[in-house]
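K.L.:
Pasting the feature list from Swiss-Prot:
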type	residues	note
REGION	1-46	region 'Disordered'
TOPO_DOM	1-69	topological domain 'Cytoplasmic'
TOPO_DOM	91-100	topological domain 'Extracellular'
TOPO_DOM	125-140	topological domain 'Cytoplasmic'
TOPO_DOM	163-174	topological domain 'Extracellular'
TOPO_DOM	199-206	topological domain 'Cytoplasmic'
TOPO_DOM	230-276	topological domain 'Extracellular'
TOPO_DOM	294-319	topological domain 'Cytoplasmic'
TOPO_DOM	340-353	topological domain 'Extracellular'
TOPO_DOM	377-394	topological domain 'Cytoplasmic'
TOPO_DOM	417-427	topological domain 'Extracellular'
TOPO_DOM	529-547	topological domain 'Extracellular'
TOPO_DOM	571-577	topological domain 'Cytoplasmic'
TRANSMEM	70-90	transmembrane segment
TRANSMEM	101-124	transmembrane segment
TRANSMEM	141-162	transmembrane segment
TRANSMEM	175-198	transmembrane segment
TRANSMEM	207-229	transmembrane segment
TRANSMEM	277-293	transmembrane segment
TRANSMEM	320-339	transmembrane segment
TRANSMEM	354-376	transmembrane segment
TRANSMEM	395-416	transmembrane segment
TRANSMEM	428-450	transmembrane segment
TRANSMEM	511-528	transmembrane segment
TRANSMEM	548-570	transmembrane segment
Amino acid sequence: MASQTSAPAEPAPMPSPEAKTTEGASSYDQADMETKHAGSPCPPKQKSWLARHFSLLLRRDRQAQKAGQLFSGLLALNVVFLGGAFICSMIFNKVSVTLGDVWILLAALKVLSLLWLLYYTVGTTRKPHAVLYRDPHAGPIWVRGSLVLFGSCTVCLNIFRMGYDVSHIHCKSEVELIFPAIEIVFMIIQTWVLWRHCKDCVQVQTNFTRCGLMLTLATNLLMWVLAVTNDSMHREIEAELDALMEKFSGNGTNTCMCLNTTVCEVFRKGYLMLYPFSTEYCLICCAVLFVMWKNVSRSLAAHTGAHPNRSPFRLHGTIFGPLLGLLALVAGVCVFVLFQIEASGPDIARQYFTLYYAFYVAVLPTMSLACLAGTAIHGLEERELDTLKNPTRSLDVVLLMGAALGQMGIAYFSIVAIVATQPHELLNQLILAYSLLLILQHITQNLFIIEGLHRRPLWEPAVSGVMEKQDVELPRRGSLRELGQDLRRASRAYIHSFSHLNWKRRMLKEISLFLILCNITLWMMPAFGIHPEFENGLEKDFYGYRTWFTIVNFGLPLGVFYRMHSVGGLVEVYLGA
């Protein structure tokens, strides 16, 4: 060893003239290449045959996907236009096109959609490599729960309808019993399929699957349109019959009387009470089917294929938000019960309208201030924006903005009617304030929810940071003690940053819980009760009976859907805070 150390160092080999020439040439070539690169653009590097062939296949696959989406979208558009033409013809020309004709068309569409749903479950999903990925963001539990709840209510609605038709079987056609039976079977199977497969990203039979999804979506959309228009016609006919009965009381006989008055009253009240849920069920099915259509042939990364880690739903010490929300809920239930009791009589006293609108005027500005405070806290946070492509979140935003147009449209029509007639009366001033505050509350709440949905959850960066640190440092450090010390240091740093953001998290959770309870209250009142927008008579006298009925019956279901969808979005904001 000593001899090896004391030995003289070997002299470095001298480069040969050829090597010098080669080295000089290479340096000259390199300088020349740099000059060419700086002066003029280099010619593109030629790709290999495999890379060119692979990119060509990818391009053809994208073109095939776009063609399939275009064709299925056109199919749905034509079906909706055909059904819309039938429904409009039924409204404006009741002699040539009757309600029975529309039912026949919808029954044919339901049977076709039913056959596709069964084939999708039995055939498509059981093929090899059919469902390689499942979208973790699609079909959250509140959407599937609402699907089952509203689907069950709609099935009960059709049972009440069949019972009512059976009690009048002596003056009604027996064929009319077939349509509710088909709808019951269709809704049961559709709810079951959507519950099981709403997260699927199908990779086989993509074009056929897209067409089936669009056909089912168009069928649900036409069911919603018919439910809204048929409800308005039913209310109009009922109001006209009541007026005729008051005018000609005791004169004439009704040939279609129920044989058992008590049973018919149960069927009629059950049908009227459950009717709003059918419109909500159709809207939710359309949203779920659209997400499934967007997920056809979609490929997800390995880490997004599984269910992401989610923060559990805990109160985290929130006090004021739940208390204020429960206070609004109790007050809303009291106002709702008083108004419903008064509405069961022949006329509603003016003071109950004042109480109803005064409750809204008190709650809506509080919700708007809470939304503005939450949006400001989002701006103060250090969380990054989540810019990844997410079809479910994009659909949530579109549905949130679109559903808000329902009640906002009614509010704008009310503002015009009040300002143009008698804006100085107390009730009219309350309705005017209610309409303005409703528009403001929708805008601020949409801003708060959309801002929260596009923020990364607070727990996500810490978990991923610790995992990346483990992956990087594990091969480098051999001591488990040093690794434990690093993990403890990372935990202390996370706890320190958590304590600094704690007040923001708590404020966001307080605001989210308060808004959740308020939206539940504002969802319950129009969904289960009488609509003051029609009963107060102001807008009805200004726009006319048929026009205002159409506006209300198209706007209110969207408003109910907006409140329910807002609750789901606020739950996501609460969990991500």
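Using N, Cα and C of the backbone, Cβ positions are placed for all residues, glycine too.
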K.L.:
So if I exclude everything within five residues of the ends of the transmembrane segment (511-528), which remaining residues of that chain have a CB under 8 angstroms from its CBs? That is, six or more out.
P.N.:
273, 276-277, 280, 315, 318, 320-322, 324-326, 328-329, 332-333, 335-336, 363, 366-367, 370-371, 373-374, 377, 445, 448, 452, 556, 559-560, 563-564, 566-567, 570-571, 573-574, 577
K.L.:
Counting Cβ pairs under 8 Å to the transmembrane segment (395-416), which of 101-124, 175-198, 277-293 comes out on top?
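P.N.:
The stretch with the most contacts is 277-293.
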K.L.:
Take the C-beta pairs under 8 A between the transmembrane segment (70-90) and each of 141-162, 207-229, 277-293. Which stretch has the highest count?
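P.N.:
Most contacts with the transmembrane segment (70-90): 207-229.
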K.L.:
Contact between the transmembrane segment (428-450) and the transmembrane segment (207-229) is defined here as three or more C-beta pairs under 8 Å separated by at least 6 residues; is that satisfied?
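P.N.:
Contact absent: fewer than 3 Cβ pairs fall under 8 Å.
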K.L.:
What residues in the same chain, six or more past the boundaries of the transmembrane segment (428-450), come closer than 8 Å to it by Cβ-Cβ distance?
P.N.:
354, 357-358, 360-361, 364-365, 367-368, 371-372, 374-375, 378, 397, 400-401, 404, 407-408, 410-412, 414-415, 418-419, 421-422, 511, 515, 536, 538, 562, 566, 569-570, 573
K.L.:
When each of 141-162, 175-198, 277-293, 320-339 is checked against the transmembrane segment (548-570) for Cβ pairs under 8 Å, which one has the most?
P.N.:
277-293
K.L.:
Give me the DSSP three-state residue breakdown of the topological domain 'Extracellular' (529-547), ordered helix, strand, coil.
P.N.:
13 helix, 0 strand, 6 coil
K.L.:
Under the DSSP assignment, what numbers of helix, strand and coil residues are found in the topological domain 'Cytoplasmic' (125-140)?
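P.N.:
The topological domain 'Cytoplasmic' (125-140) comes out at 2 helix, 4 strand, 10 coil.
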K.L.:
How about long-range neighbours of the topological domain 'Extracellular' (529-547): same chain, 6 or more residues beyond its ends, C-beta under 8 Å?
P.N.:
236, 239, 336, 339-340, 343, 348, 353, 356-357, 410, 413-414, 417-418, 420-421, 427-428, 431, 556
